[in-house]
Amino acid sequence: MQNIELNESKLIKSHNNINNENPSNCRTIALLAENSDESKNLENHSDPQTRKHWASQLDFLFSIIGFAVDFSNVFRFPYICFQNGGGAFLIPYFVTLLLCALPMFYIELLFGQYMRCGGLTIWKICPLFKGVGYASVLLNFYVALYYNVIIAWSLYYLFVSFSPTLPWTVCDKWWNSENCYFISNYLSLLEKNNNTNMFTDSATEYLENNVLMVNQSSGIGNLGPLKWNMALSLLLLYIIIYLCLFKGVKFLGKAVWVTAILPYVVLAALLIRGVMLEGAVEGIKYFITPNFKMLLKPDVWIAAATQIFFSVGVGFSVHIAYASYNNFHTPVHNNCLIAAAVNSLTSLFSGFVIFAYLGYMSHQMRKPLEKVVNGNLTLIFIVYPLALSTLPGGNFWAVIFFLMLFNLGLDSSVRASIILNFELIYFSSEPLKLY
């Protein structure tokens, strides 16, 4: 009888604790196993009395938007859209968003805010699925590896954009071949030669022969010499990421006001300038014209699901970690809907910007639009720099373009690094157990 009364008093006490201001954290799991070592260890990892909070809800909202809006919105979405039916691609895109991505996004925010834990620690609620937490950590690590390299390229392009002559607009440097041409003399080249496939534009040669030096590598067994300028750019990027993480979540909440808003300012400026160019309207029409026959192909639906999951950022545990810094009564469903809407609208807005310039390039080069670009990196580091270099004040447009690229990548990379740091702290304090 005494044991029953004791258990009842414990349940009442636990219920009262759950209704306090910070009721839901990792210690909630201790209700399931109050005397277990697991719950005691977990309690130490996520103490609500010492855990920091966002300075305001706008800081939190801008942070999850900043993580979601990145390269995949600005360049990957328009390219995949025009590959998979144009405007018709929006049907599987929004169906997948509403039925799959949005519910998962909401669940991640709920989990993080309720449990007050990181993406790995949270699976203490069901140890059987702890592997999901480990998978999210590895996912962030692998994505950060290649994402940071692309961001370093953007940083390097940003530096060289300040030079008097943009280096991807010339054909008389050591990295250029005899078959190099710039877009300004492409038409005269086209008049003299029926086959222009033997020639290479200056931006392609700059990227491949100078920035990446792929011509000096015969394969994975012979990687070629170390590119010191790219290595130093990557090192500088890691230093910047460290400085962003050094001050903690409250500093990130303030910095995100700049990093989340700047891309929209640049995109708006690029769109205003782009629609004034010849061929821009044709490019936008190409983007929004639907090809409903493509909806019958399973690959289109797979591409839509891949894009929306990667774009929203579900499965990375970043949203779980960010929501864990919320107050318990934060209306997280509002943040979820706003962030998802902003993410999708940004993708659409970026499509208009990108295809305005693709239409311009198609007009300038007398090429069908589908032959102007053949990949994401081609679009970022070849087609767009070429297009901007033909405008008056080309250096200015190149600077703000690569500044936007760097900003988009840095925002996502910093937030992925938060998860890695979050879980490394957990690993360092979690006792090693043999099962």
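Yeah, the Cβs are placed from backbone N, Cα and C, and that goes for glycine too.
Together with Gly66, Ala68, Val69, Asn73, Ser311, Leu408, Asp411, Ser412, the Na(+) site in TrEMBL holds one more listed residue from Asn335, Asn343, Asn374, which is Asn343. The recorded disulfide partner of Cys180, taken from TrEMBL and restricted to Cys126, Cys171, is Cys171. With respect to Cys180 (disulfide bond), the closest of these binding-site residues in Cα terms is Leu408, chosen from Gly66, Val69, Ser311, Leu408, Ser412. Most Cβ pairs under 8 Å with the transmembrane segment (255-276) belong to 60-79, among the candidate stretches 60-79, 132-159, 228-246, 300-325. Taking CA atoms as the reference points, Leu408 (Na(+) binding site) and Cys171 (disulfide bond) are 31 Å apart. Proximity of the transmembrane segment (380-406) to the transmembrane segment (91-111) is not established, fewer than 3 Cβ-Cβ distances being under 8 Å for residue pairs spaced 6 or more apart. Around the Cβ of Gly66 (Na(+) binding site), 27 further Cβ atoms fall within 10 Å across all displayed protein chains.
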